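Below is one structure; the comments refer to it alone.
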Amino acid sequence: MTIQSSPGSSSYLPGSSGYLGMFPERRMSYFSNSYVIGLTVAAGIGGLLFGYDTGVISGALLYIKDEFEEVNQSSFLQETIVSMALVGAIIGAAAGGWINDAYGRKKATLLADVVFAAGAVVMAAAPNPYVLILGRLFVGLGVGIASVTAPVYIAEASPSEVRGGLVSTNVLMITGGQFLSYLVNLAFTEVPGTWRWMLGVAGVPAVVQFCIMLCLPESPRWLFMKNDKAKAIVILSKIYDIARLEDEIENLSVAEEEERQKKNDVRISDVFKSKEMRLAFLAGAGLQAFQQFTGINTVMYYSPTIVQMAGFSSNQLALLLSLIIAALNAAGTVLGIYFIDHFGRKKLALSSLTGVIASLVILAGAFFGRSSGSSNELFGWIAILGLALYIAFFSPGMGPVPWTVNSEIYPEQYRGICGGMSATVNWVSNLIVAQTFLSVAEAVGTGWTFVILAGIAVLAVVFVTVFVPETMGLTFVEVEQIWKERAWGSSYNTESLLERGNDS
């Protein structure tokens, strides 16, 4: 195999952004391949499950409190009902990385669907809050596995030039699931068994995805690395034309040769023994943690409650205003799909965080105004404006960027386990925020709670600036090279990779 040099660059890899620059006719647009779009949407149903569960509990909780007096009397029990799904998601995400590497992305998705659907049935039939909490645990297990699997499956089936937008489609499905959950919440407000219908309907998309995934292929990269090259090439031939196909196979062959030279079984401890992997995991896990600690799922889980805190006491009005917020979330994600492959992951995250900080300050100001004893409804509407602005800034940037970056920054050998570890960080952070928000708000006041979140967002800006590289349009091989250069300095350049390529 030969690897040529192109003018004005130190290296030139087939399939790289430089290569596509020389052959622009081989670049793909977002909608140019219906097969890839089909794989993306099918895998993205996992994101729909994730989003629906995140959103539906916020509305259902209002009615669960009405049915179970012990829940109404205990903030801790309310937080546990919300956060037990997150406990399950932590376990599911931690196990999901290993399941993905050992059994493949397809089987991991099927398992997630079965567990999620079972959890939905248990929740709908729960005779008391404790059985409901058990159902939330099962649902969380399914969501956790899906949160690891869907972004990786989509990334590995995506051309590099549209990978960001396609992975962000999974985030669009998450926000779409949240919007759908608020519609369902509103639809069942006057139906007997209100919250049972809200939670039980969650099993429907899991069953739909299970049926679809039975007919879809395994990830071509996973098949190739597991030495099932014939099946992998058949799938890749449906994604790329013949000339581009040869380049992609060469890239996979280079990656496979590198993996062969390393030990086959990767353990969690191996991630921390390699300097470049430590840097990659720090960037990926840090993004996931800051996504949660800047408060997004506080807004999504508790938005009806926050609306009521702002002075709007009606359950139905709180759900309606939360529906509008969820619609903004979905619309912002659509913008993110465009921006992420045009402006880059890093710029998008930084601009998003800047707006988030301003929005949290507005929210804090609104609640400080209400806590001063003023009965002016203006503060309630300012709080609603702050929530809307928060979503408008968060959803195009810090919504999709962490998941997209984590789907593309790890080498194939580490992708499943690191993806699972970083998703676990996301869910642990999510759990901490969900389990403490109402208690912290009661202890220090809602205004100061939002000030704390704003301070964390400032730290996130510093983190992204220092530790997160730009990966827009890069192949997996090129992204791996970034970490090697960061770990060992600019002297470690692509020459080592070129030599291995020529040797093979």
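Keep in mind that glycine also has a Cβ here, set from the backbone N, Cα and C atoms.
It should be emphasised that the depicted structure is a prediction, and the values quoted were computed from it without experimental measurement.
As annotated by TrEMBL, domain 'Major facilitator superfamily (MFS) profile' applies to 39-472. Annotated transmembrane segment per TrEMBL: 35-64, 76-98, 110-127, 133-154, 166-188, 194-216, 279-302, 317-341, 348-369, 381-405, 417-441, 447-468, in sequence order.
A Cβ distance under 8 Å defines the sequence-distant neighbours of the transmembrane segment (110-127), meaning residues of its chain 6+ beyond its ends; these are 46, 49, 88, 92, 96, 99, 134-143, 145-146, 149, 196-197, 199-203, 206-207, 209-210, 213-214. Within its own chain, the transmembrane segment (133-154) has Cβ neighbours under 8 Å at 39-40, 43-44, 46-47, 49-50, 53, 57, 80-81, 84-97, 99-100, 105-106, 108-109, 111-124, 126, 166-167, 169-170, 199, 202, 206, 219, 403-404, 406-407, 415-416, 419-420, 423-424, 426-427, counting only residues six or more beyond its boundaries. Highlighted: of the candidate stretches 35-64, 76-98, 166-188, 417-441, 447-468, 447-468 has the greatest count of Cβ pairs under 8 Å to the transmembrane segment (348-369).
Taking residue pairs at least 6 apart in sequence, the transmembrane segment (194-216) and the transmembrane segment (447-468) share fewer than three C-beta contacts under 8 angstroms. The transmembrane segment (166-188) makes no contact with the transmembrane segment (76-98), as judged by fewer than three Cβ pairs under 8 Å among residues 6 or more apart in sequence. Listed by sequence, the residues of this chain that lie at least six past the ends of the transmembrane segment (417-441) yet keep a Cβ under 8 A from its Cβ atoms are 75-76, 78-80, 82-83, 86-87, 89-90, 93-98, 100-101, 144, 147-148, 151-152, 266-268, 271, 277, 280-281, 284-285, 287-289, 291-293, 295, 297-298, 301-302, 305, 309, 402, 406-407, 410, 449, 452. Note on the transmembrane segment (279-302): residues 54-55, 57-58, 82, 178, 271-272, 325-326, 329, 349, 353, 356, 360, 387, 390-391, 394, 398-399, 401-402, 405-406, 409-410, 414, 418, 421-423, 425-426, 429-430, 432-434, 437-438, 450, 453, 456-457, 459-460, 463-464, 467-469, 483, 486-487 of its chain, located 6 or more positions outside it, place their CB under 8 angstroms from a CB of the stretch.
Long-range contacts of the transmembrane segment (76-98) within the same chain, counting only residues at least 6 positions beyond its ends with a Cβ under 8 Å from a Cβ of the stretch, are 53, 57, 61, 64-65, 70, 108, 112, 115, 119, 129, 132-134, 136-149, 301, 416-421, 423-424, 426-428, 430-431, 434-439.
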